[in-house]
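Working notes for the structure below.
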Amino acid sequence: MMEFKDFSTGLYVAAKFSELTLDALEELQRSLRVPNPVPREKIHSTICYSRVNVPYVPSSGSFEVASSGHLEVWKTQDGSTLVLVLDSEYLRCRHMYARALGATHDFDDYTPHITLSYNVGPLSFSGDVQIPVVLDREYKEPLKLDWADDLK
């Protein structure tokens, strides 16, 4: 049972992907000549970034969560971030599960995606991508508000 103090730590939940998916994503980064690519071991998809902790139970099992997506560049505080936006009902449902448990979300909408680079500078990328995105596992940990420091 969770105690009151447990709710104040925040919660981060993410999906990690199969070796085959990681191979395909690295090949995509290389073929596009993506500057500052996210390293293989850091590639993930955020499911929940909540300022309150909730009793989220990570899913187990390995299965395809998306078969396609498209590239977008998002303007962020730190520059231009290249993401592969996924058409994933599974990731949307897992996010809604966290919200149903009381998790917070800082944005109007949840957009399932995989970040390919946190800084592509002035470059632009677009287009549809066919990649089998296979879940390896979900994991959860206390929320780190200074997560960007880990990228340096």
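Every residue gets a Cβ built from N, Cα and C, even glycine.
The active site annotation in Swiss-Prot covers H44, T46, H113, T115 and is backed by similarity to another entry. The 3',3'-cUAMP binding site annotation in Swiss-Prot covers Y12, E141, W147 and rests on similarity to another entry. What Swiss-Prot lists as 3',3'-cGAMP binding site is Y12, E141, W147, and the listing cites similarity to another entry.
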Do me a favour and check the Cα-Cα span between Y12 (3',3'-cUAMP binding site) and T46 (active site); whole Å is fine.
8
Between the Cα atoms of H44 (active site) and H113 (active site), find the distance and write it as a whole number of Å.
9
Taking 10 A as the limit, how many CB atoms besides its own sit near the CB of T46 (active site)?
18
Separation of alpha carbons, T46 (active site) and H113 (active site) (Å):
8
Number of Cβ atoms other than its own within 10 Å, given for H113 (active site):
21
So, in DSSP terms, is T115 (active site) helix, strand, or coil?
strand
Would you mind ranking the recorded positions Y12, H44, T115 by how many other Cβ atoms sit within 10 Å of each Cβ and giving me the lowest?
H44
